[in-house]
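Engineer: Just dropping this structure here.
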Amino acid sequence: MALLGQLASPSSWPTSWPQRAPFLGGGDQTVHAWQRYHVRYYSMTLLFIAFEMEMMFMYPWAVVFVAEGMKAMVEMGMFLAILSVGIVYGWREGIFRWQ
Amino acid sequence: MTALIAVLLLLAAGVWFGATVDAVAEAAVAGRPVRTALAAPFRRTALMLSRQAIETEHPDTLNHLLAPACYLVLAAAGLSVVPFAPGVAVTDIATGLVLWGACEALVVVVVFLNGWSANAPLPLIGGYRYVAIGLPAMLISMFVLIGTALPAQSLGVSAVVESQRVLINAVRQPLGLPLFLLLGLSITLRGPFNYGDSADLVGGTQAEVAGVQRLLWRGAKLAMLTAFSAMAATVFLGGYLGPVLPGPAWLVLKTALVMLMLVAITHLVARVPPARMLTWLWTVLLPLSFVDLVWAGLEAMR
Amino acid sequence: MAMTALARMAARAPVPVFVATGQGWLASCRNLAASVDVAVVTNIREAAILIVAGEPRDEDRDALRRLHDQMPHPRATAWWGARPFAEAGSAIEVSATDDPGPLLRSAFAALLARVRESEPDWLPDDPPNPWQGEGDHGQGGKGMMGGTPYGRPMAMTADDLRDGLALDSFTFTIGPFYPSLPPGLALELTLQGDVIQSARVVRPPLDPGEDAAGACRSMTVGRMLRLLELDALARRCEAVPVEDRDAVNGLKRWIGASCAMRAIPKGLGRLAGDDARARFTRMVAALGDAEASSIAGPGGRLVDLLPGLEWNEALLVINSFSHRDLVALAPREMEQEEDSEGSAEQREGHGI
């Protein structure tokens, strides 16, 4: 009840400009926080997409796995092995580091 | 209908239970009186309700409101695939695991939006940082979930439960539950996987919210903790299966057990810096999830 | 009716306080950490009462005003061994030697019951910059970024020091009341993403004094634990009585079991042959000792260690030094450019 009441009626205190300023322990900023942010892990996200695609093949594979037996096992093993090479390569190139 | 009511009841009970256990564990580790911690969730809720909700400088208002709401909806949607008894689930579909996976993935989006929408530096850093860890953590969880689908020969959650009549998956696939718990910590922003709402960013994505908004975000996190725990209990601990007690009682007990584990890890284990965790996720934990999948496969063919 | 029940329930919660650290910070923080009446929060958005612990430095006064105004209503300020500002109105005053617990409790209950009036802002209610855009949303104007949309300019591009990618660089000052920095330390940081490009000391840390090494160390270890996401353990550490051997040894066991030392990457923030992990390990081992430990002749500058580090790593490096070492490592820097808050006459004769 109280929750709904709070949500329905905006609080009796409107937010003032000094209140809106972002909390920086007494510090201040001169520009907006929204920016072209330098994401350090952008190369990792590409590797992620490769695995995400792989996931799509795994859903049907999982259902027929027991019926197909060893053949399905070997197929997925090959697939994962190839992707694992990608991880090793990415690691060597340092894509998991913040650089 | 009964299933829908059960989902809402379990969510509400889970939020209360999670908040209480969290407060008790925190007091115990901090060396403060544990008895007052029992009432702490109610008092804190009342406090947050009686305070002003702050608006930031030109926030992305739509996303600012949507983020906690969507988080809550994702928790409910995720919980809806969990069967309370044979055939009693809100969405008893043949692709329940896929639906749960979609909920996991969208949590990353929701947490990012929560950090983005405030237009403030610390929440923004929290949001971007969370994405880095949230994405690979999700991959790991999907591999171990697929592992549980192998013996069930189905992506339906009910089938996964039924496949555990002889032996639960936590024993049959010993790597599965520990790896899945990592995802639980990640999507509920807890302890060693709390990269979104971290203390070094004074609360990260929620650093700028106060009052009722803070309450909503916290409630959504606890709802997700409940949904995740119920899912882990179902997929790895046999869900409603168990002797003597009725099925739903077993599910609730097992859910509470998983919640206790997650809360204990939250307060007892240190978190590593994000770059280090990213390397571990890809080079140690993801290969471990491959091993889990192969293990599950060999075991299922036996 | 419902509102009063809610207020009564809320008033039974521990009083959420944020500590603005003045000259008397160490004793006050230790006292508050051990108090069951209050819960020290690390974010001003959670606090109901701002505690000014000891007289703030003159140059920190504007930062304190900014901090105060960010606190959500209903709110109050307690001046603990400090003179209230002229604009403070009906302030809660506590003498330096008193325990503020009961006073805070009653003020908190009065605030929630709306008996005590919530404090108004100390700063004028104006947007941070005058509106300069041409269109409805401040867009338009000269140059690539247009005017100053929504009252602040947009960040401008600069080359990244690691990969030379020209994305926005974001400059801001943080501190002197930032809970993950040593009390008093304020830095001006330039970030690209979450990696630090350059750092400058705006205010040096407050000097805790020679005889406070033991208490000071437990506060520093507490900050480190919080950076490692062990908030509950950090609280135990901040409240631990240094002379109680059993309590200190118990705490050390908790810290060891949490893998806190091993969580810090090796080689981070190397100075004089020691990295952050080694410094932190030694600091934890020395918990409970009253005497100061210092790295032998640090002879470096804190700001030279930070560029290239990610946010969390940078804070780990800063807090891995003992407070006294930091006072030596982060001296006040000569500033040519204008400093928005410490005007020339304020700085005169007010060295700490």
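Every residue gets a Cβ built from N, Cα and C, even glycine.
Annotations for this protein, taken from TrEMBL, read as follows:
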type     : residues  : note
TRANSMEM : B:65-85   : transmembrane segment
TRANSMEM : B:97-116  : transmembrane segment
TRANSMEM : B:128-150 : transmembrane segment
TRANSMEM : B:222-242 : transmembrane segment
TRANSMEM : B:248-270 : transmembrane segment
TRANSMEM : B:277-298 : transmembrane segment
Engineer: Examine the transmembrane segment (B:65-85) against the transmembrane segment (B:128-150) and state whether at least 3 Cβ pairs sit under 8 A, considering only residue pairs 6 or more apart.
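Structural biologist: Judged by the Cβ rule, the two regions do not touch, with the required three close pairs absent.
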Engineer: Out of B:97-116, B:222-242, B:248-270, B:277-298, what stretch is closest in contact terms to the transmembrane segment (B:128-150), meaning most Cβ pairs under 8 angstroms?
Structural biologist: B:277-298
Engineer: In the same chain, who gets a Cβ under 8 Å from the transmembrane segment (B:277-298) while lying at least 6 residues past its ends?
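Structural biologist: Same-chain contacts beyond the ends: 132-133, 136-137, 139-140, 143-144, 146-148, 150-151, 172-176, 179, 182, 193, 195, 271.
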